[in-house]
Every structure is written in structure tokens, then in C-alpha cells.
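Student: Sharing a structure here in C-alpha cells format.
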Amino acid sequence: MGKVYDWFEERLEIQAIADDITSKYVPPHVNIFYCLGGITLTCFLVQVASGFAMTFYYRPTVTEAFASVQYIMTEVNFGWLIRSVHRWSASMMVLMMILHVFRVYLTGGFKKPRELTWVTGVILAVLTVSFGVTGYSLPWDQIGYWAVKIVTGVPEAIPLVGSSLVELLRGSVSVGQSTLTRFYSLHTFVLPLLTAVLMLMHFLMIRKQGISGPL
């Protein structure tokens, strides 16, 4: 086992990486409220795992979506638990994100030289809310359908381009299969990918610049 470790150590300098990770200075003013960002990340990872599990059974069509969700809840082993965890962690992620934003703002964590960290954080906040909007429609029940109809109809009030934006969001003039397909793609592929990339950038900048000092 030691020879295997030495082989990797010689090529990757594992010990140096571990030392760099574990020896980072933590300011004495840091308290439990500085963990809110990490809790948000944990909720995101739970979302990815539970959401991936549900993709094995969910069917993104207007005729089968609701029935497939019911199947997950009543027939799949622990399906009710997986979906419930997904919903609970979604609510927790939004709450932790909001508290994290307030904590950073109130402690001045957005000030120079951490402006870009703040910008990526704000974008991540928008993506988090977008997860909620797109995921809400996927069961394709009455609540989800009318929520999508209202949300996608909001841009229509924008002069000149409003109607085009509505059609872009819905995939057609009215809410239907194209809308569900778009929201499913956004919820399961586009948004998770963007969130993962921005989270990586966010944490690398925090790692580089360190935690902001007390006010």
C-alpha cells in the first residue's frame, strides 16, 4: 500500500496538496454563520443525487409526467423518501442561500478585493431561484401548470420583445409539451452545469482571497 501511495505522491505531490488544504488560516472572528455557504453547497449536492435518482423513473411528457411522479411516490422503493428529500433540500437550499447573502452583505464581504466573488454569488442566487421555478412545473399538476403559465407570461409586458420572450420560454405560443421539455432540460442539465461551474469559481476565489475580516 505504501508503494502505491509513493507512486502517486511522486507524480501528484498529494501531501503538498493536503497540507495546503488543511493549513489555511481561519480568522478568529469566524462563527457558525460563516458556514451558510457550505450548507448551501451540501443542499445542492443532495439535490443532484436525489434528482439523478428520480430521472430513472420520471417521464417529461405532458401525458405521463404526473403519473410518473405518482409512480415514484407509491411504487418505487424509497421513492417517496427520495422525492421528499429533494423537496426539503430545495427549500433548505433557498433559505440557506438567502441567509448567506445577508451574512456576506452585513459583514462587508462584497467589498474590494472580493467584488467578483460577490458577483458570482449573486448569479448563483439567481440560478438557485431558477431551479425552484423550473422544478415546480415538472410534476405537471394543476399548481405546476398554472405557475408556469403565470411565470412565462410575465415578460409579455416588456415592450417590443415581450411576445418573443414568452414564445422563447414556452417553446410555442401556449404552454404545452415544448414548455415542459424546455423546463426539464433547464432543470436537469443547463442549471446544474452552470451552478457547478460558478460554484467552483466562487470557492476558488474564496480560497485565493481568504475570508473577509471583521467590520
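Backbone N, Cα and C atoms are what each Cβ position is placed from, and that goes for glycine too.
When I checked Swiss-Prot for this same protein, it listed these features:
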TRANSMEM  32-52  transmembrane segment
BINDING   CYS35  heme c binding site
BINDING   HIS86, HIS187  heme b 2 binding site
TRANSMEM  90-110  transmembrane segment
BINDING   HIS100, HIS202  heme b 1 binding site
TRANSMEM  116-136  transmembrane segment
TRANSMEM  186-206  transmembrane segment
Student: If we skip the immediate neighbours and take only residues 6+ beyond the ends of the transmembrane segment (32-52), which ones have a Cβ under 8 Å from one of its Cβ atoms?
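Tutor: Contacts of the transmembrane segment (32-52) (Cβ under 8 Å, skipping residues fewer than 6 from its ends): 82-83, 85-86, 89-90, 92-93, 96-97, 99-100, 103, 128, 131, 187-188, 192, 195, 199, 211.
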Student: Have a look at the binding-site residues CYS35, HIS86, HIS187 and say which one has the shortest Cα distance to HIS202 (heme b 1 binding site).
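Tutor: Going through CYS35, HIS86, HIS187 one by one, the closest to HIS202 (heme b 1 binding site) is CYS35.
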Student: Using a Cβ-Cβ cut-off under 8 angstroms and a sequence gap of six or more, which residues of the chain neighbour HIS100 (heme b 1 binding site)?
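Tutor: Listed in sequence order: LEU36, GLY37, THR40, GLY121.
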Student: Give the nonlocal contacts of the transmembrane segment (90-110) in its own chain as ranges (CB under 8 Å, at least six residues past its ends).
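Tutor: Residues 33-34, 36-37, 39-40, 43-44, 47, 117-118, 121-122, 124-125, 128-129, 131-132, 135, 211-212, 214-215 contact the transmembrane segment (90-110) from elsewhere in the chain.
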Student: Which residue, out of the binding-site residues CYS35, HIS202, shows the minimum number of other Cβ atoms inside 10 Å of its Cβ in this structure?
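Tutor: Among the binding-site residues CYS35, HIS202, the lowest count of other Cβ atoms within 10 Å belongs to CYS35.
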Student: Name the residues of the same chain, 6+ apart in sequence, whose Cβ is under 8 Å from the Cβ of HIS187 (heme b 2 binding site)?
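Tutor: Same-chain residues close to HIS187 (heme b 2 binding site) (Cβ under 8 Å, separated by 6 or more) are GLY51, PHE131, THR134, GLY135, LEU138.
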Student: Any same-chain residues 6+ apart from HIS86 (heme b 2 binding site) with CB under 8 Å of its CB? Would you list them in sequence order, or say none?
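Tutor: In sequence order, VAL46, GLN47, SER50, GLY51, MET54 meet the Cβ cut-off.
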